[in-house]
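Undergrad: Feature list, courtesy of TrEMBL:
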SIGNAL    1-22  signal peptide
DOMAIN    69-424  domain 'Peptidase A1'
ACT_SITE  Asp85  active site
ACT_SITE  Asp320  active site
DISULFID  Cys356-Cys387  disulfide bond
Amino acid sequence: MLTSASLMLLFELGYLFLGVQARAIESRNSIPTTEHVFPLMRRSVAPGSKISQLPGIANLTRVGGGVSFSTKVSLGQETYDMIVDTGSSDTWVASKTLQCTYFGIEVSQAFCKFGPLYDRQTFKKIQGQNFRIQYGDGTEATGDMGYDSVTLGGINVPSQEIAVVERAFWQGDSVTSGLLGFSYPSITSAYNGTDPSKDQHRKNQLPYDPLLTTMYKQGSINPVFSLAINRGANNEPAGVLALGGIPSEFQSLTYARTPIARTNFLNEDEPSAAIPSKYEFYALYPEAFLYGPPSSKNTSTMPDPTTLTNDTRRLIHIVDSGTTLNILPQPLAANIAAAYTPPAISPSGGIYVVNCRATPPIFGVQIGGQVFYVNPTDMIMQQGGTCYATVANGGMEAPFILGDPFFKSTVVVFDLERNEVRVGGREFY
């Protein structure tokens, strides 16, 4: 999805390193295992992530139409397929009384391509509040804030604040009915007042506890969740989501730890210095990127770091499963693209086209003292008859993104109590 023209990224981090230091490699048994593990399905609809509102990001995420993952969520007495999104925080669902629009023109409900629609019978509306998410291409969702019973992975929250969307310009998949956000309360989308056209994030936003926060505050889970995403086609199983810890099958991995960075990315029309930074997205500072062509001394399964180029500029990256590509700083992306055999080319917009039979380079990300290599299979993505490198040129200004290709080779743990991300490397498959 395209960026919102009205949302400006004034907190320009660029090439400034703020002194955030990665922590030591995690003890194998210090992350709890959990029984609350349930499957994810890969979907073709792009998630309604707040990350896509950031300048310089959304144009690069449109390759492949975006990527998303869904799971089953019960609202009231009904169960829906909902998009799981680490780049936003709200739980929202489309209403049976939904009005779909197309650039302001009212059209039929079928145009939005939602799955089953929500019956408001058990919904308790909050008076004087509204919900709004908007994107620069006109895509938007607005509606009411209120409470309903929410059950995810066998865990019930009897009265959870959610949004019911009554008006939307949306491009769905005819399966999913809404979105399940897993980020921080600071980027929720409830606003004071009943006129969405007057909503501004720093003016009349009303932050609240989203579903994950409520679950750990009521003692149902540890304040941790994890994702293990697999390769696969749309509408097929694509890995697992675990609430409260990690799946037991990944307990033996060694996990690296790094702190989540405070940011101010959603600042609108005020100088960034005027508003304190806070936890918004799962943003971190990789210590280094390693890359180079494969050789007899440098195979994809057991790279020799001494044969690879080591880029040690510490620039902020958001870890986001809903982004199709790894969006990297311009010099780094260009160097990695040139390391394909034959080299990838960039016709426009920072996206690199590559020969479908090209040999991809070795590419790894160092986090918490440990290097996590991306499977070479995930360094090329095919759409129709065209193949793309899964690294993209994100320009010279932060933030950048570690996206879907990074997740396919790792288990990523999000700890909302310690405010840190932990990463474990999986064997290539």
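Just so you know, glycine gets a Cβ as well, placed from its N, Cα and C.
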Undergrad: Asp85, Asp320: which of these active-site residues has the highest Cβ count within 10 Å of its own Cβ?
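TA: The residue with the most neighbouring Cβ atoms within 10 Å is Asp320.
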Undergrad: Within 10 Å of Asp85 (active site) (Cα to Cα), which of the recorded positions Asp320, Cys356, Cys387 do you find?
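TA: Those close enough are Asp320.
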Undergrad: Between Cys356, Cys387, which of the disulfide-bonded residues has the fewest other CB atoms within 10 angstroms in the structure shown?
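TA: Selected from the disulfide-bonded residues Cys356, Cys387 on minimum Cβ neighbours within 10 Å: Cys356.
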Undergrad: In angstrom units, rounded to an integer, how far apart are the Cα atoms of Cys356 (disulfide bond) and Asp320 (active site)?
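TA: Computed Cα spacing between Cys356 (disulfide bond) and Asp320 (active site) is 26 Å.
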Undergrad: DSSP on Cys356 (disulfide bond), three-state: which is it?
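TA: It is coil.
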Undergrad: Return only the integer: C-alpha distance in Å from Cys387 (disulfide bond) to Asp320 (active site).
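TA: Cα-Cα distance, Cys387 (disulfide bond) to Asp320 (active site): 22 Å.
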